[in-house]
Every structure is written in structure tokens, then in C-alpha cells.
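Pulled from TrEMBL, these are the features on record:
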ACT_SITE  HIS209  active site, proton acceptor
BINDING   GLY40, ALA41, ALA42, GLY43, GLY44, ILE45, GLY46, ASP66, ASN126, ILE149, SER150, ASN151, MET261  NAD(+) binding site
BINDING   ARG113, ARG119, ASN151, ARG185  substrate binding site
DOMAIN    35-177  domain 'Lactate/malate dehydrogenase N-terminal'
DOMAIN    179-344  domain 'Lactate/malate dehydrogenase C-terminal'
Amino acid sequence: MRSFVVRSIESALRRRGAASSNRRLFSSDSAPERKVAILGAAGGIGQPLALLMKLNPLVSNLALYDIAGTPGVAADVGHINTRAQVAGYVGEEQLGKALEGSDVVIIPAGVPRKPGMTRDDLFNINASIVKSLCTAIAKYCPSAVVNMISNPVNSTVPIASEVFKKAGTYDEKKLFGVTTLDVVRAKTFYAGKAKVPVADVNVPVVGGHAGITILPLFSQATPASNDLATEDIKALTKRTQDGGTEVVEAKAGKGSATLSMAYAGAIFADACLKGLNGVPDIVECSFVQSSITELPFFASKVRLGKNGVEEVFGLGSSLSDYEKEGLENLKPELKASIDKGIKFAKDN
């Protein structure tokens, strides 16, 4: 009999794919072969993410890569009795083998935030790591869907786009900044304040993935609540924006948001796999190339399909005055982060 944990996680993933009755849910028997590679698999996010992807019945081949420690992680999760065959790869010389044939590449590689460190402080280290990894992706699996977790996402996604452009492999439909954690937090905080079941909640989060660039649209939250005052909405927005700092401080210098980020990364990767497999009406928020604002990249709802992004949705017509103000306030900061990433990629 399958363990309670495995069944619970698979059930949670399937529930997210069952909002529309016409969706086909793939079992492990009927799902096509799909290879997922995790770059940075031995890290704080990478290890729980590897576990969650091993539990996903849509994954047939799981490649775990890092600069050290990956064989142990692969041996550990590889003993779990689920469909995915697991292999660990370590060091730059094995990166190509890890990537070859990948359908989805998830990148949590990089250094985590520490107390007092802003996302911008991460830039120089993580930008170089992302540039190197994306250069390898362009060479070994140029058609893969790329899920960027490495922070600062507002800059690392533009860096990746420039690397792929230089290599002649850029497909804007297949490059995603994973902002799902902002959505997860917004849902959790909203459900707690509105006193509604969290499983029923949906909250779109737009903009970017750092500080004030994170804009949850609580005016569009479902189920709607008439019990929240303007001050409640402002507090929920601030908490969503500062969620990462809340975790860093709570861990007292011993880590950042790793477990919740791994969960969010697994949810978004699952959505990408469902899209690739032809499941209809898969919609998630993500930081992608976009024309819905004057900025070249922006997070909003996107519909996922066999080619990656099938449709980028607008912001809707029901933004509150507070949200409209937040949207205008975030644009300069988000633009600066995007420009910084593009400049780094072009200069290095």
C-alpha cells in the first residue's frame, strides 16, 4: 500500500489540476515519459524539491545536479517507490549529461538570503551562477521549459533570456520566473484573515518577485470577502511582500524560505508538466516576457500548454485604487532590476 504521505501529496497535486471538470488527469501508467532536471539539487530548496518531484507521477526521469553532494541526495530519494528514475550528477563535467533530454529544468541554484541581506545583495553571486547554467541549457536541452527560482528572479530571468538570445535558442514561451511562493503566501494569509478554507482560495499576484514589486490582487481574490477593511488588505499585501524576510528572521540566521519555496516550485513544475502533456486550462501566475505593461517582463496569470506559455492574461478591470497605486509604484523598481539583469548578461 502506498504511504499516506505519498498519497496525500499526489492528491494535493491532482486537486490543483481538477478545478475544471474537463481536465484529463494523467496517472503514472498513462503519462508520457518526462525528464525533469533540478540544478542546485543538494541545496536547501533543491533537496525538498527533489523529494516532491520524485513523488510526482508525471515525472519518469529525475536528474539531480549540483557542485557537490548530489549522489547522496539521489541515492536517498531514489529509494522511494515511485515512478521516477533518479540519477545524481556532480560537477561541471557532468552538467551536460544531467541536462540532456530534459523537458523541464528547474533552477534553485545559488546562495540563500541571510539576515540583513536584500535580494539585490544576492545579485553578483547568483547572476554568475545563472549565466553559467543557462549557457549549458542552451547547449544541451535548448527546447526545455526553464523554471527560474534563483533570486533575484526579477534579474535572473532577464539574464537567462539574454544568454539564450546569444545562443540563438531563446523561446519566450519557455522561460518562467517562479513566483508561485508569492501566490501560496497570499492564499494562506488571505484565508486566515477572511476565515475561509484555504483550499478554496485563489489570489492572483502580479508584478515581480521582490518587495514592493510583489502585488497581490486581493480585490480579485476568491471566494470574495466583505469582512476585510482597507487596512486589512494593506496589511495582507505587506505581509505577502515581506514573506521571505519573515522566514529569514524566524530562522534567526540559519536559513531562508526553503521548504515553502520547494513546495511552490513543485506546484509550478507540475503545472508545466500538465501543460506539456496537453491538460487544458492550466493557469498559474509567473514572471514572463510580457506586453501587458510597458515593462519587458512582468508576472501575471499565464495559461500553460504544450509549447509553454499559451496565453498571457492581463490584469483585469477590477483593480482597486490601492492596487493601481501599487502597480505604478512597483514599475520603476522592477524596471531597474530587469535592466540590471540585461546589462549583466551583455557585459559578462
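Just so you know, glycine gets a Cβ as well, placed from its N, Cα and C.
Counting in whole angstrom, HIS209 (active site, proton acceptor) lies 12 from ARG185 (substrate binding site) by their C-alpha atoms. Across the residues of the domain 'Lactate/malate dehydrogenase C-terminal' (179-344), the predicted structure has a mean pLDDT of 96. Largest CA to CA distance in the NAD(+) binding set (GLY40, ALA41, ALA42, GLY43, GLY44, ILE45, GLY46, ASP66, ASN126, ILE149, SER150, ASN151, MET261): 18 Å, whole number. For MET261 (NAD(+) binding site), the same-chain residues that are 6 or more apart in sequence and have a Cβ closer than 8 Å to its Cβ are ILE45, LEU49, PRO108, ILE149, LEU181. Within 10 Å of its Cβ, the residue among the binding-site residues GLY40, GLY44, GLY46 with the fewest other Cβ atoms is GLY44.
Separating the Cα atoms of ALA42 (NAD(+) binding site) and ASN151 (substrate binding site) is a whole-number distance of 17 Å.
Ranked by how many other Cβ atoms sit within 10 Å of their Cβ, the recorded positions ARG185, HIS209 place ARG185 at the bottom.
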